[in-house]
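A.B. asks: So that we are looking at the same thing, I have put the structure below in structure tokens.
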Number of protein chains: 2
Amino acid sequence: MNSNWLDEIKWDDKGLVPVIAQDETSGRVLMFAYANRDAVALTAEKGSAHYWTRSRQKLWHKGEESGHFQHVSAIQLDCDGDVLIYQIRQEGGIACHTGRESCFFRTLVDGEWQIVDPVLKDPHAIYGGHSH
Amino acid sequence: MNSNWLDEIKWDDKGLVPVIAQDETSGRVLMFAYANRDAVALTAEKGSAHYWTRSRQKLWHKGEESGHFQHVSAIQLDCDGDVLIYQIRQEGGIACHTGRESCFFRTLVDGEWQIVDPVLKDPHAIYGGHSH
């Protein structure tokens, strides 16, 4: 398969690119993570979001533990070629490992971070009790 | 002024945090950049987006050259405390230095990056002919 498009992405010095995962319908930003070349290639091939987890240093098929897969309908690239957006449909409606819809559940109000989103599902119920 | 909220942001090893600039009305992601502590503090204080430009290594008040200021109505923080969203109203309707609404004007179609957004204003007209 033609992979020139992968060469047009400017990978950082660790071979990664930042990825914004955005709900294709609501436009809400659900998550931010990094992907390496394999992860982006697999995302395009399978239509399911793949990332590179920096904490665990491995390829990460989002949903492999939680079941909260992200169905990717489009991949967008920015002007500098060094940031991607995955347009997604979030399975289970939960992108965040805290059990919330979005990882961006805190808003600055009067000089304090306020939590503005509910936990939709207990993380222990999502991840079966092992740490994440 | 209370700045504990700034301490809750996890700055990277260069003292920066990634920032997603999102249109507060349409939800479109317009830009991705980095900010240091001063930039985020100024953004909260002035309600106008400030960043740190890594290429020029200085504080960057978005719009200072182009007039395309970003009016910030909300700042959001992610679960790990290391990524921000600025919810903005984009003055002039142009966030990208290429003269487009959004920096994310390329979409992957059949293995190629296709430009899906028009240039709204010639960059030379925006920046007065000097390089950017």
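Using the three backbone atoms N, Cα and C, a Cβ is placed for every residue, glycine included.
Annotations in TrEMBL come from automatic prediction, not curation.
The domain 'Phosphoribosyl-AMP cyclohydrolase' feature in TrEMBL is assigned to B:31-105. Residues or ranges marked as Mg(2+) binding site in TrEMBL: B:Asp78, B:Asp80, B:Asp82. Annotation comment: TrEMBL describes B:Cys79, B:Cys96, B:Cys103 as Zn(2+) binding site.
Describe each of these features in terms of where it is and what it packs against.
C.D. replies: Within the same chain, residues at least six positions away from B:Asp80 (Mg(2+) binding site) with a Cβ under 8 Å of its Cβ are B:Lys10.
Under 8 Å, Cβ to Cβ, and six or more positions away along its own chain, B:Cys79 (Zn(2+) binding site) finds no residue.
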A.B. asks: Taking the Cα atoms as reference points, how far is B:Asp78 (Mg(2+) binding site) from B:Cys103 (Zn(2+) binding site) in Å?
C.D. replies: 22
A.B. asks: Please spell out the DSSP helix, strand and coil residue counts for the domain 'Phosphoribosyl-AMP cyclohydrolase' (B:31-105).
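C.D. replies: Summed over the domain 'Phosphoribosyl-AMP cyclohydrolase' (B:31-105), the classes give 13 helix, 30 strand, 32 coil.
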A.B. asks: For each of the binding-site residues (B:Asp78, B:Asp82), count the other CB atoms lying within 10 A of its CB, then report the residue with the highest count.
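C.D. replies: In terms of Cβ crowding, the pick is B:Asp78.
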